[in-house]
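Visitor: Below: one structure in structure tokens.
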Amino acid sequence: NLQESESENKLDGETASDSESKSEFGGSAPVPTSDDTPEVLNRALSNLSSRWKNWWVRGILTLAMITFFFIIIYLGPMVLMTIVMCVQIKCFHEIITIGYNVYHSYDLPWFRTLSWYFLLCVNYFFYGETVTDYFFTLVQREEPLRILSKYHRFISFALYLTGFCMFVLSLVKKHYRLQFYMFGWTHVTLLIVVTQSHLIIHNLFEGMIWFIVPISCVICNDIMAYMFGFFFGRTPLIKLSPKKTWEGFIGGFFATVLFGLLLSYVMSGYRCFTCPVEFNNDTNSFTVDCEPSELFQLQEYNIPLVLQSVVGWKTVRMYPFQIHSIALSTFASLIGPFGGFFASGFKRAFKIKDFANTIPGHGGIMDRFDCQYLMATFVNVYIASFIRGPNPSKLIQQFLTLRPDQQLHIFNTLKAHLADKGLLGGLEDA
């Protein structure tokens with residue numbers, strides 16, 4: 001009997017250290033959460049089996065979320081940033097609540113207060129950096145903002161240091177280990193949630209297309225993998241997610257790459273999607289008007305000889321961004337799901353079904369954004385590595401804020417540099 005119980009624990013992923021942790025922190029893991037399906041849907045789908053009922057609930061709520069996604073895109077960048085901020089706070093709340101329940105940290109002094117305080121500090125740091133970077137002229141125009149910008153990092157450090165001292169002062173003899181567990185829990189959550197949501201906003205400023213296409217590819221892959229798995233799935237993919245199948249994984253990959261090519265083709269023709277999101281100081285509003293870069297101008301490409309006999313074409317006209325979309329959709333369908341597998345392992349470790357029951361049929365907000373955060377990091381790295389170059393408008397803005405003698409020094413240095421290259425000869429003769 002003892003051997004059987006030990007083998008059951010191993011199969012469930014629980015080790016001896018897990019059992020010790022249970023006894024140390026008082027009790028078993030939380031009971032799995034259940035979805036609060038609206039009563040209207042329960043009555044309408046009461047005659048269906050649980051499998052098909054779940055399919056319809058997930059489908060209806062997915063359509064509702066996609067509709068909401070289109071609405072916030074239509075409302076513009078400011079609303080998008082606000083929604084990203086709200087999603088970030090909700091995800092942080094869900095993860096912190098799990099830690100609060102798992103470790104039974106009800107008696108810890110200041111735990112929840114300090115967790116939210118650290119969230120405030122980290123957001124102040126990241127959003128302050130964003131404001132300084134993208135709203136440089138506005139910041140320099142307003143005296144209070146200029147002072148906050150100048151000493152931003154020192155203020156951020158002072159705020160964090162205050163929280164750190166508060167944590168040390170809150171340590172009590174009987175809860176040392178538990179308090180440090182929760183201190184680490186909070187900071188890992190901040191690293192996963194806040195840092196990556198900040199990268200999503202950075203991607204947005206590069207152009208709406210860098211925000212919409214990656215997110216849409218993850219959504220498409222999630223839907224198509226579920227559909228292929230639901231109708232054709234036979235072969236289990238990974239033990240962490242028993243319902244995931246190879247059929248769904250492969251079908252989702254091909255569907256996502258095709259979807260990424262089509263979506264990027266449609267969006268590349270509109271300046272409102274391709275132009276960087278910039279703040280217009282004259283109108284105090286966001287603008288997305290520019291001359292499209294080469295990424296978003298149709299080019300003619302030769303089709304490889306191997307494929308010419310199949311498709312019957314020698315050349316094809318497409319946007320260069322579509323080639324990049326293949327990389328984005330490939331990551332979304334092959335590597336992105338590992339964000340979901342990571343979340344599944346996390347939930348299994350603490351014996352919970354979902355992060356919360358916010359969305360019927362889907363779980364919590366974090367259940368929907370586990371892959372999105374990983375995708376956001378990849379897109380940011382991809383842009384920095386292969387796309388982004390120096391921004392002349394930002395350099396000019398910074399140049400204009402310098403003292404006259406500094407501006408003159410830079411002007412003379414640049415003039416001498418261009419003269420050495422022979423680029424000013426014609427202008428000087430004229």
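A Cβ is built for glycine as well, from the same backbone N, Cα and C atoms used for every other residue.
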Visitor: When you get a sec, could you say which of 64-86, 179-201 is annotated transmembrane segment by TrEMBL?
Guide: 179-201
Visitor: For the transmembrane segment (179-201), give me same-chain residues lying six or more residues beyond its boundaries with a C-beta closer than 8 angstroms to one of its C-beta atoms, as numbers and ranges.
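Guide: Apart from its flanks, the transmembrane segment (179-201) reaches 81, 84-85, 87-88, 91-92, 95-96, 99, 103, 105, 108, 111, 114-115, 118-119, 122-123, 126-127, 130, 167, 170-172, 211, 372-374, 376-377, 379-380.
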Visitor: Determine whether the transmembrane segment (207-233) and the transmembrane segment (110-127) share at least three Cβ pairs under 8 Å, counting only pairs 6 or more apart in sequence.
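Guide: Taking Cβ pairs at least 6 residues apart, the transmembrane segment (110-127) and the transmembrane segment (207-233) are not in contact, as fewer than 3 fall under 8 Å.
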Visitor: With a Cβ cut-off under 8 Å, give me the same-chain residues at least six positions beyond the ends of the transmembrane segment (245-267) that come close to it.
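Guide: The answer is 208-209, 212-213, 216-217, 220-222, 224-230, 232-237, 273-274, 318-319, 321-322, 324-326, 328-330, 332-334, 337.
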